[in-house]
DNA sequence: AGCACGCCGACT
DNA sequence: GTCGGCGTGCTC
């Protein structure tokens, strides 16, 4: 008896069961799992989702593999609070989390958290209460009761109370009354599926010729089984979607789940309907403005395997599928695949990794592949599938450059006479024009005509953009804004401000001057009324309720406007000289997308690009429709100096008071990492970034010959000391070849 | 990531 | 005299 006795004999004879200790990844920025005691009677295994105490809080964690940390007193470990009733994360998923954490230098717990982000979904959905007819008659038959009984006799299935009441046209109390009489029994049904199961052969594929061959090629790689990476490179309207739908169909036939990744902006009702037309049901959706309830249902459906296909934005990559068998990355070049906070990753590349680890195919899709993917396609690392022609009646628009040095706009204007004439003809044909200018507001720079004062953001020193509709000067970097002043703050002169350069609002003004009777609409992200209004406007445009649309990026993606037969690019050179090493690539992608908005219904369509650099490779690639020379040049450029081989590049954000400080910092980092081949600094003027507490944020581009050199460099930087760690953020931006 | 602790400026 | 700013440190 007593403690003496048990300590004397306990270890030899009647030892209390050894407290089991397991490692648990907690959602904290710590490098290792924490250790927890498993309470008696609780079952956990690697992958189990649990709730654990951390300090004063209860957090959701995941039981991990390996030994728990040593050097901790097992008796002092706190117990796991509870284990959720949901399937554990698979070994594949755990390996994926570990891989991503190691590759992106992120705390594994923060990566794991992305996989279990629907806390309320961790317990099963409650059963649904229903009634079932057991026979017999109630004591008194009323007309309402007769109607109910007719229905259940005709269809002897369990009915939900509200469903039956609705079908019979009676109130719920009628049903409850019959239940009380013993005519119905109460049964519990599993909750209804969140989405119906898509059927691979719901309708026949609408593909022919080249599309058919391409589909056959990808389907073959799926049948073969195992990992493969393919790149579908197909011009806008070439039937890329139909081709990868066949890959999805084949995966569904083989009983595996499918993930379709899309940039958030491309995840439209139109896309979901297109999927439904082919497969008879919508895919599960996963994006940032999903309701919490829906998020839980989809998450649950994904882990249990009930949801067979998910269409989602980048975060969907971390959903713990029960048996994932295919990932499609549509618009693979889109920068929205990069997450640039907390865990820095590119979902496109991590998708390839997930396929590699899970041993299933990954298909990247784009009309304008990223240079990295293009290299992987050309080198054979990825299976390159090209769709060079448009499908069906969709003709490529006829594209021409307008050399602005020869066809200058009239004084004070920005639209060339050639473009204005084309717009006039389009109006006469009662077709639509789109003018694209990737700049919000009225004018990007305002100055005082008398003293030359330039309006600059007091917080981050970039130019203030005039927004005339709102009478504001806005900083597009940090969000600072002020009412447009009437006096110059420097010399006090009244009404002497002059706007420099165009924004969409100013173009709208010019258009209204030339075409006062046309219905003109400006589409930009600062449209009042939010997403809902935006959707309505886009729909109205598609229905032909506008003649001239003037828009930023926003109109470039996703939406189809059947009557749009003229696309004018106001300043095709914009963005070419902003210091971003990917400027040419981005411009090419954006211009391709915008010009691709036209000509999708067989109407003859045109694209006119205003440029001061008609010989620039981007312009030549766009008008010739042949991008191969452009890609070749971009690849060479990266090989040479700017971004040594294909994105073995780290982009790091640091904050400093002046550019000189940032450059000194960069030199220090360079000295600490001799194997890194170059560090360049992009400051607010070239690649504007937000300002943090009186300090400007700069982006360091660090290039290395080998991925491992980059990793070593970043480790050095992270270990540089707590003073730096606070102000230095790391983003890895590396190409997928090192995955394979 | 949160949350506490701890040390110096402007105020009810 | 305090209230409160955010730098630093800790969580099994």
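The backbone N, Cα and C atoms fix where each Cβ goes, and this holds for glycine too.
Annotated Zn(2+) 1 binding site per TrEMBL: A:448, A:451, A:488, A:491, in sequence order. The Zn(2+) 2 binding site annotation in TrEMBL covers A:457, A:460, A:475, A:478. Residues or ranges marked as domain 'Helicase ATP-binding' in TrEMBL: A:221-387.
For residue A:448 (Zn(2+) 1 binding site), the same-chain residues that are 6 or more apart in sequence and have a Cβ closer than 8 Å to its Cβ are A:488, A:490, A:491, A:493, A:496, A:497, A:498. Within 8 A of the CB centroid of the Zn(2+) 1 site residues A:448, A:451, A:488, A:491, the other residues of that chain are A:449, A:450, A:452, A:453, A:489, A:490, A:492, A:493, A:496. Around residue A:451 (Zn(2+) 1 binding site), taking its Cβ as the centre, 13 other Cβ atoms fall within 10 Å, counting all chains. Comparing Cβ neighbour counts within 10 Å across the binding-site residues A:457, A:475, A:488, A:491, the minimum falls on A:491.
The secondary structure of residue A:457 (Zn(2+) 2 binding site), as reduced to three states from DSSP, is coil rather than helix or strand. Here residue A:451 (Zn(2+) 1 binding site) is positioned 22 angstrom away from residue A:475 (Zn(2+) 2 binding site), judged by their C-alpha atoms. Between the C-alpha atoms of residue A:451 (Zn(2+) 1 binding site) and residue A:457 (Zn(2+) 2 binding site), the distance comes to 18 Å. The average pLDDT computed for the domain 'Helicase ATP-binding' (A:221-387) is 93. Look at residue A:491 (Zn(2+) 1 binding site): DSSP puts it in coil.
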